[in-house]
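Participant: Annotation comment: TrEMBL describes A:93-294 as domain 'ABC transmembrane type-1'. Here TrEMBL flags A:9-30, A:93-120, A:132-152, A:172-190, A:225-251, A:271-297 as transmembrane segment.
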Amino acid sequence: MKKYIFSRFGYMLFTFLLIATFTFFLMHTLPGSPFNDERLSAAQKAMMAKRYGLDEPLAVQYFKYLGNLLAGDLGVSFQFDGRSVTSIIGERIGVSAVLGAQSLIAGTVLGLLLGIVAALKHNTFLDYGSMIIAVLGLSIPNFVFAGLLQYWVGVRLQWLPVAFWEGFEYSILPTIALAAFVVATIARFMRNEMLDVLGHDYIVTARAKGIRESLLIIRHALRNAMIPIVTILGPLAVSLMTGTLVVEQIFSIPGLGEQFVKSILTNDYPVIMGVTLFYSFFFILIVFVVDILYVLIDPRIRLTGGGSRANG
Amino acid sequence: MKWNQRIFGTSLLAGMLFLAGCYGGGEAEKDDSVKTGDGAESNDKKVLYLAAGGEIPSLKTNGPMDGLSQTILQNVIEGLFRLDQNDQVVPGVIDDYKVSDDGLTYTFMLNEKAKWSNGDPTTANDFVYAWKKSLHPDTIAPQAYLYGPIKGANEIQDPDSPSYGKVEELGVQALDDLTLEVQLENAVPYFTELLTNPVFYPQQEKFVEEQGDKYALEVDNLIYNGPFELTEWEHDSKWTLEKNEDYWDEKNVSLDKIEFRVTKDTATEVNLYETGDIDVANLSSEFIDVYEDSDEYNTSLKSEVYFLRMNQKKDELKNVNIRKAIDMAWDKEQASKSILKNGSIPAYFLVFPGFVELPDGADFRDANGDLNKGTVEEAQKLWQKGLNELGVQKLTFEMLSYDDEQRKSVAEFMKNQLEKNLPGLTIKINQQPNKQKLELEANQDYDLSYSGWRNDVADPVEFLTVFQSDGAYNWQDFKDDRYDEILKKAQTDFTDEMGRYKELQEAENILIGEEAAISPLYQAGSARLIKPYVKGLTAHGNSTFTYKWTTIEK
C-alpha cells in the first residue's frame, strides 16, 4: 500500500510539471500582450514589457518561473498592479471551495435519498417523480437554473438575497443552482445500483433469514451500492469547479472561476499560470484520493505485492 | 475489511468537519446597517449603493488605469484640476494659477487647506515626486504618454535618447511648498484639462516610500486628499467610500457614504436594482426595451467614437470607390436606434458634435456636416465603379470585431447590411478579445476592423492624429501629405487658434469625405437606471464618475 501511494505521488508530481510546462508555452502563443492598449505606442509597450521582465527570451522566462515556483513564488499580476498571485488566489479560493463543497455534500445527500427511494419504490409514482427531477437536473444548464432562481426566489418572492456573498443565506440559491446537477447524477446512479444490488442472491438469502427490512437496506444493500458512487464523486467535484464559474458570475460571488477567465482575456500571464496550476493540483489530488479510497472501500480490489489477500 | 471501512468513515467525517469550518470565511464582518430598498439608514445618513463591474485594477496614480480605477481615484485623491458636472475644468487643490505670455510656463499656487488624511498639506513636491515616478522606466505609468506636452517628457521615454530615464530633466519644479512650476514643450491650449487625469495626481513621497511594495494595495496603504476616503476594500467583492471631513471643499459634499459591490452580470445588476439593493444599474441593449419608457431610464453620451478601419495594405481596399461604397452602404441610423439603443448617435464624423467650440461660438462639427452620408444607390454605383476598376466581380473581406454581446450584434448588423447592399461582397467576422484584437490590428493582419477611439482632452487632434501616416496607431496604411502637414502643424503651432481649427476641419474632410479612410460608425452612449432620489450623479464622457456633487433626496 505504501509503495502504491508513493508511486502514485511520483506520477502526480510529474503530471504537475508537464501541465506547468505546457501551460507556460501555450499561454505565450496567445496573440496579444498584457500591455496592449489603444493608447500605447510600440516604444511604450516595450518599456512596460521590460518593467515586468517580458523582454527576455521565453526559455529564460520559463526557467525563472520554475525557479520561483519551487520557492513558492507565483509572481505578481499584471492587471492588478503589484498584487501577488498567491494573494489573488488566496482571497478567492475560500469562497469557491465553500460553495463547491456545500453543493457537493448537499447534492450527494439529496441524490442518494432520491435514488434509494426510487429504487425501493420501483415503478411507482415516487420512482417516476424522482427520475423526472433527475432528468430535469441533468438537462437544464445551470446558468438557466441560476437565472430562474434569482429572478423568482430573489426578485419576485424576495425570500432570499438576489446576489453577493455576505452570509449563509446568500449561499443558498447558488448552492441549489450548482447542486441540481449533482443531485440528478447521483440519484440516477444510485437508483440503478440499488436495483442491481437488490436483485442479488445474498439479499434474497438475507431476507429468507428474516432480517429486518431497514437493516437489510442499510447493512447489505446500501453499502455495496455505494461503491460506484465514490468513483463518480471525483469527476463530479471537477465538474463543480467549472460550474462555479458561471454561478459565481450570476450571483456576483467573489470566487476564483471568473478571475481565471478574465486573466486569459487580459493576457495576465502570472495569474493564468497560478490559477491553472492551482486547479490542476486540485484535480490531480481528487484523482489520487479517489484511487486511494477505492482501494480502501472495495474489498475486491487488491494490489499485488502488498497487504493481505482478500477472502471475500 | 472492517479496518478499511473505519478509515474511510473517519476520513469522510474529518473532511466534512473541515469544510464546515471553512464556512466562517464567507460570513466575516457583516455590515451593521440594514440594506433595504427604503434605506433604513437614510434618516440620518446619505448612502449611495452602487454596483461595480469587477475588482479595482490599481489605485496607484502610475498604475494601470481603467474607468473604474479612475473613478475611485478621482473621488479619493485630488489633483490640480478636476472635471465638473458639465465636463468643464475646475480647480482642484489650487487657489490660483498663472500662465506666461508665451503659454509655456504654468505656475500653480496650491491651496494650503488641501490636506492629506495623515494631516500633512498637499505640497508641490507631492506632484514633482509622483510625476517623475510615472515617467521613470522602473515605475512607468501606462498613461505616461499623456506627459507629452511637458518639457523633456518625450525624451525621458525614448530609449534612444541620451535623456532616457533621466526624470530629473522633466520640466517640473517645486518653487516652495505651495508653488509648483511646469515648463511646456509646446503651448498646448488644453494643458489644464490634461491635468485632470489621475496620472497627474500627487503622491506624498514620505508616505509612499514608507509603504514600499505595499503602497495602494489595501485601505491602510493609502492616504487621501479628495472628497472621499476609502474605508473598506474587500477585493473583488466590495468597497466603501466615506466622506472626507477634512476635505477643503467639504461643505459641497453631500453624500456620507458610497458602497460599491462587485456585480459581474447585467441581469444580476438589474435584479439588484429591482429589489432596491443598488441605486444605479447599467443596462445592456437587451434590457433597454424593457426600461426605455421608465422615468428612471437615463442615457449619456461618451466621448468615444467607433469606426471601421479599412486596411489599405490590402490591394482591394486601396481603391477609394470601394472604401466610399462601404462607408455609404449601411444604415448607421438603424445601428444606433435599433441595435445599440443606448443613446449612441450615428456618426458621419470623427470629431463628434459638442466636443469643441470654436472661438466664434460655432461648433467644430458645423463646417463639415455629415461626411459621406449617401444613399444605397450611390453606394452601389461607387461599388460597381470600384469593382470595374479592380476588374473583379466578387470581394471577400475579413472583419475584425469585439467579443462582447453588444458590439457583436453591431458587427452582425454591418455584415448583413453590407452583403445585402453591395452585390458580390462577402464579410467574414473574426471576433477577438480586445488584447488579441489590438495585436492583430497593430500587425495590420485584417481587412476591416471595428475599432474605436476615446479622447483624453477636448481637442480635435486627439482623434485626428490617430491617422497620421507616421503615427503609432495608423494601422491601415493611410497616407495623405496634406493631412500629415496639417496635423503636424496643429500639434506644435498654437498661435492662430481659429486658423488651426479651420485646418483641422479640412483634415477631417480629407480623412472621411475625400478618402474614406475609415467608415465612422457611431458615438457611443450608455444607458442606465437611476433611482429618482439620486440627484446629480455625474457621468463624464470618459466613462468615469464623480460623486462629489451627488445627493440623495428622499
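Every residue gets a Cβ built from N, Cα and C, even glycine.
Because TrEMBL annotations are produced automatically, they should be read as predictions rather than curated entries.
Quick one: how deep are these features, and who are their neighbours?
Facilitator: Sequence-distant contacts of the transmembrane segment (A:271-297) (same chain, at least 6 residues past either end, Cβ-Cβ under 8 Å): 1, 4-5, 8-9, 12, 15-16, 19-20, 23-24, 27, 65, 69, 74-75, 77-79, 85-86, 88-89, 93, 226-227, 230-231, 233-234, 237-238, 241, 256, 259-260, 263-264, 303.
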Participant: Top stretch among A:9-30, A:172-190, A:225-251 for CB pairs under 8 A with the transmembrane segment (A:132-152)?
Facilitator: A:172-190
Participant: Which residues of the chain, 6 or more past the ends of the transmembrane segment (A:225-251), have a CB below 8 A from one of its CBs?
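Facilitator: Those are 95-96, 99-100, 103-104, 107-108, 112, 142-143, 146-147, 150, 163-165, 170, 173-174, 177-178, 181-182, 185-186, 189-190, 193-194, 196-197, 257-258, 260-261, 279, 282-283, 286-287, 289-290, 293-294, 297-298, in sequence order.
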Participant: Under 8 Å between C-beta atoms and at least six residues away from its ends: which parts of the chain pack against the transmembrane segment (A:93-120)?
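Facilitator: Distant Cβ neighbours of the transmembrane segment (A:93-120) are 126-127, 130-131, 133-134, 165, 171, 174-175, 178-195, 198, 217, 222, 229, 233, 236-237, 240-241, 243-244, 247-248, 253-257, 278.
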